[in-house]
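As annotated by TrEMBL, transmembrane segment applies to 39-57, 78-102, 108-131. Among the features that TrEMBL reports, domain 'Mechanosensitive ion channel transmembrane helices 2/3' is placed at 77-118. Per TrEMBL, the feature domain 'Mechanosensitive ion channel MscS' maps to 120-189. Annotated domain 'Mechanosensitive ion channel MscS C-terminal' per TrEMBL: 197-281, in sequence order.
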Amino acid sequence: MIHNLEKVHREGRKLARALDKIGFDIGHYHVSAWNATKVVLVLIAVILVARLGSRLTRRIFARMSSLDRTQQVLGEKLASIAIWALALFVGIDLLGISLTALTVFSGAFGLAIGFGLQKTFGNLIAGIILLMDRSIKPGDVIAVNDGKGSSFGEVKKIGIRAVSVTTRDNREYLIPNENLMTQQVENWSYSSREVAINIPVSVAYGSDLDQVEKLLLEAVGASPRALSFPSPGVLLSAFGPSSIDMSLVVWIDDPEAGVGNVRSDILKKVWRLFRDNGVQIPFPQSDLNLKDSDGLRVLAEALRGRIDAPDASNSREPPSP
């Protein structure tokens, strides 16, 4: 066994010397195939070890039941950054590069960070701050601008660069962490997951408002996602041109499951209750008041004459040959 290991070692050294002879010189430096091979092998090893370490820390933090999801993500990100930094320094040491030699490039590297990587590092720091102050965390429901207005979605992941938000129509938005730090964000579940939904309802003039309120609250009580506390409410919002406009306030505690489906379910129940109890839902209508009835009579006779004229012409018999 030992003899075989020594033989493999000798053959490896011969291969290294052979690869070292293949190359070229740049000034005082010799670039060989062996050096290139060593760099590639070290890079592959560093990447594999760093990814394996990051995956291992992710599993470790996921099993820590004493930490909530936000603390788990924060610990995972910090540990991942530390592992990649350590792997980078170990790789540099394995390649035989002196860290003191890198001080020559520190000025240029700092300049590159200041210009080219400014946004990247800004998003990285912003993501860590978001996780530390818990203003936005995985599972929160926030409002996002989808180009057509403001819609809401659930925060699925806070990454190094961006936050992943998934809306109810399964569209995923990647919002840079820095934007969430510098701009106003509407978080529906920051301090409480209870969200109020305003549902406008209109009834005809002459309706019994006490009966209408009772039916609206009955419809809310039959909805499975509507909360009994905070209690729902009915407000008279306006006297419209054709209807009495009311607002039904409903509370839910699971906005990530959607708002439109709750509104649709309650409106269906309201429609059935109104139909069964004779409450009318009005349609737009207008009252026309004419001051001069004689003018209307003349206009009606003129129109009647124009309508009767084609009928008379159509009823004429064709002339006999």
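Numbering starts at 1 and runs along the chain as it is shown here.
Here the Cβ of each residue, glycine as well, is placed from N, Cα and C on the backbone.
Please treat TrEMBL annotations as automatic predictions, because they have not gone through curation.
Counting residues 6+ beyond its ends, the transmembrane segment (39-57) has Cβ neighbours under 8 Å at 75-76, 79-80, 83-84, 87-88, 90-91, 94-95 in the same chain. Per-residue pLDDT, averaged across the domain 'Mechanosensitive ion channel MscS' (120-189), gives 83.
Residue counts for the domain 'Mechanosensitive ion channel MscS C-terminal' (197-281) under DSSP, split into helix (H, G, I), strand (E, B) and coil, are 33 helix, 23 strand, 29 coil. As a summary of secondary structure, the domain 'Mechanosensitive ion channel MscS' (120-189) carries 20 helix, 26 strand, 24 coil according to DSSP.
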